[in-house]
Amino acid sequence: MVSYTMTSSLYIITFGMGASPFTNIEAVKIFCQNMCITIVLNYFYVFSFYGSCLVFAGQLEQNRYHSIFCCKIPSEEYLDRQPIWFQAMMSDGHQHSTHHEPDPYENHFIQHFLREHYNDWITNTYVKPFVVIVYLIYASFSFMGCLQITGGSNIINLLASDSPSVSYALIQQKYFSNYSPVIGFYIYEPLEYWNTTVQEDLKTLSFGFNTESWIEQFYQFLKVGNISASNKTEFINVLQNGFLRKTEFQHFKNDIIISRSGEELNIIASRMYLVARTSENTQREVVELLEKLRPLSLIQSIKFIVFNPTFVFMDHYGLAVTMPVLISGFSVLLVLILTFFLVIHPLGNFWLIITVTSIELGVLGLMTLWKVDMDCVSILCLMYSLNFAIDHCSPLLYTFVLATEHTRTLCIQDSLKEHGTAIIQNVVTFLIGLVPLLFVPSNLTSTLFKCLLLTGSCTLLHCFVILPVFLTFFPPSKKRHKKKKRAKRKEREEIECIEIQENADHVTSV
């Protein structure tokens, strides 16, 4: 329960960070809030009901009752006379000839492989240089991927892979991507459109765009007809009774909202459409365009809003570059602050910091090289990879740091013997559980599969390849433990050599 409490605390901290105001992506925030509630409920479930079930199962096993049918297990002689199916159903799973072995877990084939073959091979002097080269290659690709993280992820990835919208979007991007989406320019307050200053401000705001605007068409209509509209009454009168009655301008009726207050008419809102000329990388330029247009709506005298339905996704992807780094960074910092006061050995915490950082950067960099976009799913996976790495690396590291063998090689071999089988079983079952994600026709599910596959693979690489070699190079030193053991052995040898003579005829050796 101590280790389970620590694990639950780490998950609460990291997902709590995702549910905090630091996260401004609502999908991530909602998911993290649900995860925090789930972790708390699961903790109390394990602490109460599940623990009671384990006690009950232990009593059944001790009294030789069947764990499913809760009936007394027949004797071995009786089972030998029954059919095989009956033996399979009613057997307690123990080989009675080996039931009293001190540690049956040692016979597990993974444990046997690690103990007899892998531990000696990975710590071999001739293997270590190749492991160092492998890590340098891993670090190089990770660093290269981290440098290539950019915004402008493709909106298509939010759609199902077999959706017809994907085909449309690909064709549109291939042949008609020289223009941005049509941007709605909405003026939501009464404005003196007949004022020359206002007219100049509107021209300034729409400069550089291809526009579809009733304002420009109306000004052109006044100029061609040599019509004067220098005040409010003339302007609205010509607009209603002249301009909007023309067949070619009637489609602008939906772009102007005119209200009547008594005898007075007012234009309370209007809209026009803007299209920007872009290069091939349309999405990134549109994000930059939004970042320039929206501040103008706050500082200009004209109150307006610019919007297009795709801006919802543009906003999301505009933030996706910085959010993973910020969330992961804050999570790592908070976790390390907590574990700094709770760890048994500070050097173990230091190694844990280095390992988790290496795994996190590796997952982030390799994701980029694998063309995984920075969306809400990949951000959540980065948060999860932090906890996954801590769960699997911390037992190995702390067992090594606290070991008292003569050499660092023996210490890491003992750590692998103690925790290697559990780590392999956990990671392998985790990766097998990802296989069904391959058959879901969704780009977001594909992102989830790639991110979690990298998380499990990087963690496995560090636990069984990188750490067993690097820990034999660097501290902690085991010389002090060796000196203490030598001193104890010498003291024991001196004690064993003492002879106590009780009388002349009897000598007792101690």
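Each Cβ is built from the backbone N, Cα and C atoms, and glycine gets one as well.
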* Match it up for me: which of 6-25, 206-225, 286-305 does TrEMBL list as transmembrane segment? => 6-25
* To do: Give the residue counts of the domain 'SSD' (1-56) per reduced DSSP state, in the order helix, strand, coil.
  => 48 helix, 0 strand, 8 coil
* Structure fact -> Tertiary contacts of the transmembrane segment (452-474), defined by C-beta under 8 angstroms and 6+ residue spacing from its ends, are 118-119, 122-123, 127-128, 131-132, 134-135, 138, 351, 355, 358-359, 362-363, 366-367, 370, 381, 384-385, 388-389, 392-393, 396-397, 400, 408-409, 411-412, 416, 420, 423-424, 427, 430-431, 434, 437
* Confidence summary (mean pLDDT) of the domain 'SSD' (1-56) -> 84
